[in-house]
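Q: Starting off with a structure, shown below.
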Amino acid sequence: MFKSGFVSIVGRPNVGKSTLMNNVVGEKIAIMSDKPQTTRNTIQAVYTDEEMQIVFLDTPGIHKPKNKLGEFMVKAATEAFKNVDLILFVVDDSKKIGPGDRKIIEDLRSVKTPIILVVNKIDQLDQKDELFDIIKMYDREGIFKEIVPISALKGKNTDTLIKVIQNYLEEGPKYFPDYMITDQPERVLIAELIREKVLHYLNDEIPHGVAVEIEKMKARNDKEIVDVSAVIYCERDSHKGIIIGKNGRKLKGIGKSARQDIELLLGSQINLQLWVKVKENWRNLQNYINNFGYNDK
């Protein structure tokens, strides 16, 4: 009997939701960063084997929004509670339930969909007793069907998580062909890969005010080289200088690192050109939010 279903991955920012999804499908389809609110859209990823197909919805981290972009991100995350077969609530190795996790738990109490708690980052725990205490702490909430400890970064116990998910799926069709692992267009994936490198190179300087738009993407006649032109948008002139760096070094580093990942994604040589432009307060301008792909589908 072949099983299939839709599984939503929810949690507060920076608990490893995207890392988990990338590990399960075996490809980088969601960008990873230690900066909160890295994921901005609900990303659909597909895991398929001989017995099942799981369609994962990786959501933005649930947080208190400060602008229109933040409002969209929270809406996308909470909408992912609906019309799915299973919810994975991902938490990290924190010893206490903080206000962010508490808010999500209270939101989940009214949800009828089965919920599995995924305790991530167990590789950072020194003692087994620490993990036991975390599991016991969350189990007292009384809303989780099962609790599965994993390390998404190390790939530890993710195979067990897949088997647990399988138990909650019903007989169903393949929604996507075997080769398909995401519904994200190539342009979106490329823009997100570039944004990942920007976040990496900027450290904590200006991560949330950055967006990337692909202006041109065209294969040359021999199709061995793909020309990609992209604009990195920021909100202040001072931010533009930080992104470019002294003598353009930081922008060159971003471009070199992004090009390597894009070449792996497309399987072609990439000629990548990057520009930096300023658009003040774009996170509160709906037309820019839409243009950057952060809109309801």
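Indices start at 1 and increase along the chain as displayed.
The backbone N, Cα and C atoms fix where each Cβ goes, and this holds for glycine too.
I grabbed these lines from Swiss-Prot:
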| type | residues | note |
| --- | --- | --- |
| BINDING | 11-18, 58-62, 120-123 | GTP binding site |
| DOMAIN | 3-171 | domain 'Era-type G' |
| DOMAIN | 194-280 | domain 'KH type-2' |
| REGION | 11-18 | region 'G1' |
| REGION | 37-41 | region 'G2' |
| REGION | 58-61 | region 'G3' |
| REGION | 120-123 | region 'G4' |
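If you look at the structure here, what lies around each of the features I listed?
A: Within 10 Å of the C-beta of Ile122 (GTP binding site) we count 19 further C-beta atoms, all protein chains included.
Per-residue confidence over the domain 'Era-type G' (3-171) averages out at a pLDDT of 82.
Across the domain 'KH type-2' (194-280), DSSP classifies residues as 41 helix, 29 strand, 17 coil.
According to DSSP, the region 'G4' (120-123) comprises 2 helix, 0 strand, 2 coil.
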Q: Can you count helix, strand and coil residues in the region 'G1' (11-18) using DSSP?
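A: Each residue of the region 'G1' (11-18) counted once, the result is 2 helix, 0 strand, 6 coil.
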Q: Within a 10 Å radius of its Cβ, which of these binding-site residues (Gly11, Asn14, Lys17) has the fewest neighbouring Cβ atoms?
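A: Among the binding-site residues Gly11, Asn14, Lys17, the lowest count of other Cβ atoms within 10 Å belongs to Asn14.
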